[in-house]
Amino acid sequence: MSVEKNTRQLEKDIVRDFSSRMSYASYLQLPTLLSAQQPVSNPEHHDEMLFIIQHQTTELWLKLVLHELRSAAAWLRSDDLGSALKAIARVKHIQKTLTEQWSVLATLTPTEYSQFRRFLGNSSGFQSSQYRAVEFVLGNKNRKMLPVFESDPEAYQQLSNVLEAPSIYDEFLAYLNRQGFDIPTSLLERDVTKAHQFCPELVPVFKHIYENAADNWGAYEACEELVDLEDNFQLWRFRHLRTVQRTIGMKAGTGGSSGAAFLQKALELTFFPELFAVRTEIGQ
């Protein structure tokens with residue numbers, strides 16, 4: 001086959017002059033985006049680019065997760081369950097992408113990482129304000145996390161705002177209450193700046209929804225969507241843990257944590273405990 005025959009000709013109407021038009025690069029601000037990868041190792045280590053891009057893309061996805069979860073919470077407040085579930089469905093797909101993304105970083109061997117890790121100083125994923133905001137939005141509130149971000153006023157304010165706002169679970173329970181379900185008053189009037197604690201009185205409410213799904217389909221579907229969210233989050237946490245274990249073993253984290261041991265404890269945290277507890281009660 002000749003080169004000429006293996007070439008796609010540009011159609012005559014394809015725009016070529018962008019001197020006064022918005023282009024792909026200008027719309028996405030690619031010069032800014034693609035200049036943000038600045039390795040600090042000296043001499044520059046080949047694999048640091050992977051490390052930087054892995055974390056930068058994670059931050060972009062987390063930005064979208066927050067965008068969708070905030071919208072979902074707002075739609076729940078206005079009783080628009082359909083729109084809320086649509087946003088949550090999108091978040092679930094993002095979560096799967098984030099989880100699979102660990103497989104790329106896992107190609108970084110312990111030897112390779114050790115050759116530039118010392119240049120990272122005390123920077124650590126633990127300091128990701130967006131990750132912390134996602135945990136807060138899902139209900140894992142912890143005011144003691146805020147001091148980590150005092151040197152970044154914008155991030156500190158963002159997290160403070162999320163801490164003070166109801167979580168998506170709080171909004172869902174308030175929605176159910178407005179729909180006539182008997183949600184315990186203690187949950188409707190709780191201090192939303194604190195992590196949700198297991199409430200046994202809520203389990204019978206979910207039991208009724210699950211055992212009468214046909215009559216409560218919207219609530220039933222929402223319950224399952226939230227279960228998916230937590231499952232996906234736990235899978236992400238697990239892949240994070242395993243990637244750390246295979247890369248640095250049981251070394252302490254760059255930010256001062258115990259490393260893998262600290263990540264292991266995160267697997268014990270839960271967002272929607274009653275939605276898992278009800279499974280024991282269904283059919284009994």
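First residue shown is number 1, and so on along the chain.
Every residue, even glycine, has its Cβ placed from backbone N, Cα and C.
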One of T193, T254, T270 listed by Swiss-Prot as binding substrate at the site of F51, I52, I53, Q54, H55, Y113, R117: T254
Count of other CB atoms lying within 10 Å of the CB belonging to Y113 (substrate binding site): 18
Cβ atoms near I53 (substrate binding site) (within 10 Å, other residues, all chains): 14
Least surrounded among the binding-site residues, given as I52, R117, when other CB atoms within 10 Å are counted: I52
